[in-house]
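Novice: Please read through the structure below; I'll follow up with questions.
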Amino acid sequence: MGNGNSTETKESRRSKMRKKIQNFRSRRRLSRPGSGSVSGLASQRSVSADDFAGIALLTLIGAEMKFKDKWLACVSFGEQTFRSEISDSTEKPIWNSEKKLLLEKNGPSLARISVFETNRLLKNNIVGYCELDLLDFVVQEPDSTCKSFDLLDPASSNVVGSMFVSCSVEDPVETETCFAKRILSIVDYDEDGKLSFSEFSDLMNAFGNVVAANKKEELFKAADLNGDGVVTIDELAALLAVQQEQEPIINSCPVCGEALQLDKLNAMIHMTLCFDEGTGNQMTGGFLTDRQASYGWMFKLSEWTHLSTYDVGLNTGSSASHIVVIDRKTKRLVEELIDSKIVMSMRAIYQSKIGLRLMDQGAKEILQNLSEKQGKKMNSVESAQNIPSFLEFFKDQINMAEVKYPLDHFKTFNEFFVRELKPGARPIACMDQDDVAVSAADCRLMAFQSVDDSTRFWIKGRKFSIKGLLGNDVQSDAFLDGSLVIFRLAPQDYHRFHSPVSGVIEKFVNVSGSLYTVNPIAVNSKYCNVFTENKRTIVIISTAEFGKVAFVAIGATMVGSISFVRQEGDHVKKGDELGYFSFGGSTVICVFEKDSIKIDEDLLANSARSLETLVTVGMQLGVSFPKLENCVLEP
């Protein structure tokens with residue numbers, strides 16, 4: 001279901017998977033004749049449960065809902081989303097829609113299925129979702145067919161229906177054999193199931209590798225294990241397996257022409273999908289997120305008239321009307337909700353020279369006054385009336401089941417906005433290891449090993465600098481060439497921030513300033529310097545593992561106050577609460593000293609694409625570099 005499994009359950013599944021994969025390897029050894037170098041090397045290859053790769057055929061059979069409507073189902077997997085057809089008006093929609101999904105090494109395995117009630121003119125509304133780990137289907141019995149999953153209300157985790165799916169995962173041996181059959185069929189002109197030398201030569205040419213094309217005779221002899229002058233399916237499979245591991249011979253897909261990476265199994269699976277998309281009722285693809293896939297035709301028309309586009313990365317102009325981030329847990333793309341009127345006003349102010357002139361002519365004061373008035377309004381008893389509409393707008397992004405108190409506990413909107421979570425809702429990674437830093441907030445995160453990387457990939461303000469960020473009252477020399485992590489909190493996020501490291505709070509430094517938005521539209525603008533001009537508080541934390549860490553809490557539009565629950569001299573453990581932001585979006589920036597932290601590779605890779613990563617408090621951020629004085633030379 002994707003709602004968290006126990007360690008025992010995960011280990012049990014992983015143990016079963018290892019056994020099954022060992023069986024795959026045994027079958028490979030038994031099915032390939034001879035003891036020559038090619039087959040011998042092929043049998044030595046290993047596939048582990050951690051880097052399993054294959055093809056999953058996922059079929060959305062139907063659902064049982066609690067009321068009648070016309071229903072639409074979307075499958076989000078990694079950076080792709082697919083949608084079914086819209087059903088008839090019924091409580092029991094039937095789709096029978098299928099899609100082959102690529103299970104890559106170290107890639108996503110969690111698929112999210114979202115069910116929407118459709119609306120002809122307005123946007124479609126999500127009613128329920130379920131999550132399933134496709135690796136679970138690797139260990140199921142071959143006769144397993146349809147499985148039922150509870151559909152959960154995204155706002156409360158209540159069960160709102162049932163989803164019926166089937167899934168089969170093609171094992172590596174089967175993928176290898178089927179791939180060889182499809183490859184062979186391209187040039188098997190006489191359709192005898194074997195390749196002559198001339199047919200084999202044409203195949204090498206189709207692979208787009210000049211070196212391999214010049215070694216056709218040598219490769220043909222290596223493939224023809226029994227010396228009968230032709231290459232069979234098994235012999236071709238063995239050759240492709242070994243050569244892709246030793247010296248790749250496939251540079252481009254012979255079907256679509258796309259250049260392929262060196263990973264042999266992923267390249268093979270890519271080509272298999274190109275050969276055979278399946279014969280059933282196929283889901284429609286080409287979407288990044290389930291929200292994009294679920295839009296009705298009128299909404300699509302409005303998107304077209306505004307010339308806005310969907311894409312990941314650093315977007316400006318009309319492309320900035322959608323913010324797409326990647327969920328670290330599920331490895332799928334998620335669209336961040338933001339009102340279109342707000343988008344247009346932010347673009348006008350922050351991404352134009354006219355907006356810059358407005359800033360110089362009093363707009364800063366207007367934003368300041370607006371934020372103060374809004375802060376007072378959100379502290380009034382009347383503001384509690386806004387909570388239900390706020391929850392409805394962010395229906396699939398706020399889970400009230402995690403909140404410590406029920407909804408009627410909150411007497412003002414700000415009380416709800418700074419809500420606490422239940423104990424254990426945010427587990428802290430490696431709690432007993434102080435050399436592991438963790439995420440400071442539920443946020444959209446950008447991480448850079450150096451400040452230069454941050455200005456190249458993300459921060460476009462012309463005057464951004466560490467000295468400007470930390471101000472004159474903080475000794476910034478140690479941080480100048482350090483690592484930078486940006487935690488951007490959207491309005492729907494849990495707005496309490498926590499310590500990313502264990503240490504002692506040395507001091508607090510308040511820096512007055514403006515209240516620009518911290519939305520990427522402003523951060524990516526070359527016309528203003530959000531982080532160095534906004535109101536902020538700098539906390540210096542002294543640690544044994546990371547040296548000094550500068551924790552910068554930055555206010556933003558509508559954020560009238562930054563509150564702290566700790567004092568100078570307090571010792572904090574990583575994951576301990578430091579404070580909270582009142583209503584609005586806001587940001588925390590952590591600056592580490594140079595060479596003090598090795599940030600996790602997935603966070604750096606996403607940030608290099610200008611793609612924010614959706615994380616929660618306590619997720620691992622990175623580990624400290626070993627200090628030279630602590631190293632012991634072995635004799």
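Backbone N, Cα and C define each Cβ position, glycine as well.
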Novice: Swiss-Prot has D224, N226, D228 down as binding Ca(2+) 2; which of E217, E218, E235 does it also list for that site?
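Specialist: So, going by the record in Swiss-Prot, that would be E235.
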Novice: Select the most exposed residue of D224, D228, E235, where exposure means the fewest other Cβ atoms within 10 Å, treating these as the binding-site residues.
Specialist: D228
Novice: If you count other C-beta atoms within 10 angstroms, which of the recorded positions N226, S586 is the most crowded?
Specialist: S586
Novice: For the domain 'EF-hand 2' (211-246), report the average pLDDT of the model, please.
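Specialist: Over the domain 'EF-hand 2' (211-246), the predicted model scores a mean pLDDT of 77.
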Novice: Using an 8 Å cut-off from the Cβ centroid of D224, N226, D228, E235, can you name the remaining same-chain residues around the Ca(2+) 2 site, in sequence order?
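Specialist: Near the Ca(2+) 2 site, beyond D224, N226, D228, E235, sit A223, L225, G227, G229, V230, V231, T232.
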Novice: Using DSSP and three states only, what is D224 (Ca(2+) 2 binding site)?
Specialist: coil
